[in-house]
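Record features, source TrEMBL:
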TRANSMEM  29-48  transmembrane segment
TRANSMEM  54-75  transmembrane segment
TRANSMEM  87-106  transmembrane segment
TRANSMEM  112-133  transmembrane segment
TRANSMEM  162-180  transmembrane segment
DOMAIN    239-366  domain 'GGDEF'
Amino acid sequence: MMGINKQSIDAKYRSEFDFFLWQKNINHIFIFCCLGLVLIFADTIHVYKVGSDRYLPLYGALYCVVFFIFPFIAFLNKRRYIERPPYSPRIEFLFLLDILIFSASLSLTNQFYTEAISEYLIILFCAASFFYVPLPTILSILLIAHGFFVGTLFYVQSNTSVIQNHILISTGAVVIAFIVSRISFQLKTRTFLDGKIIEEQLETLKDLSIRDSMTGLYNHKHICQRLEEEIRRAFRYDSPLSVGIFDLDGFKNVNDTFGHQEGDVVILRVAQTMILTFRNTDILGRYGGDEFLVILPETNLESAVTCSERFRKNLLERLQGTRNDLLSISGGVATLKKDDSAQSLIQRADTLLYEAKKLGKNTIVW
């Protein structure tokens, strides 16, 4: 199995990885909107208690903004996307920038009565930890938001020592937040990659459990399970279904004369001919030894016989010029009846196969 690394995201899983990050980000955006309402409410109560009524209109405006975007974010969170929307990078950029500007505004408003910048610092670290965006995006957001905070700080705070202290603390916080953001992004990337590795390993194990190790066709157990599924589907939709069982004529002589390795070559050639002859919608399996089974969904008896004859002739052509050119194949083709089960359908096809053997082999009986 081909290994997965960071480069393979770009080559093979880029769109899936972007969608994976979008799902995480839109969920976190929804949560942040809910927390934003709580934060504004708590801050409004605090402002009212300390007697700064003149700032209540500002908080009212913030309420309106949050309530305006909340339904849109809720809609995006509930909607079931199958791939990342083309507008998602803009939504992520604008939302992250907005919440940082919003938290910076709260902290700047605090300068009139508490001089605290805790809102800005808390949201800064939360945004860095819980949103997964590329390096250029997060760097731009942090620089713009911090530029807004520092630039506005000089207009709302007159104490030089407080300004210097806030700039020092907030700048250090921005640097740490950037590092946290990169670590968080790398961890999420690793989570995605590990998940893909596990998925591929499970898919490989599943494939090994249902396929014949030599030919790659479905093994006996799985081809029978697929037949039961197709029979149920045929009955449900009242559609035709046919099966064909094929057996090599004189295969034992190949093993006795040339050895089992040559027999394996013949089996592989039969499997390859089946894959090349039958449709992609047909279900191919190695029924056992030198017997093969094909399930032909939505195929009546006449079409199934035509396909089977084409397979028989194609195999003879592929065997010509080899030391196995005297080999041939016989087959029995049966179509589904109203009272059929998987076992009875196979039994009828198998009976027809042995009739073909009695008729001189190298023929298809139906």
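Yeah, the Cβs are placed from backbone N, Cα and C, and that goes for glycine too.
Predicted, not measured: the structure shown is a model, and the values here were computed from it.
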Any residues 6+ beyond the ends of the transmembrane segment (87-106) with a Cβ under 8 Å from its own? 18, 22, 25-26, 29, 32, 36, 39, 43, 62, 73, 76, 119-120, 122-124, 127, 131, 133, 137-138, 140-142, 144-145, 148-149, 152
Reported mean pLDDT - the domain 'GGDEF' (239-366): 93
Could you give the number of helix, strand and coil residues in the domain 'GGDEF' (239-366) as assigned by DSSP? 62 helix, 32 strand, 34 coil
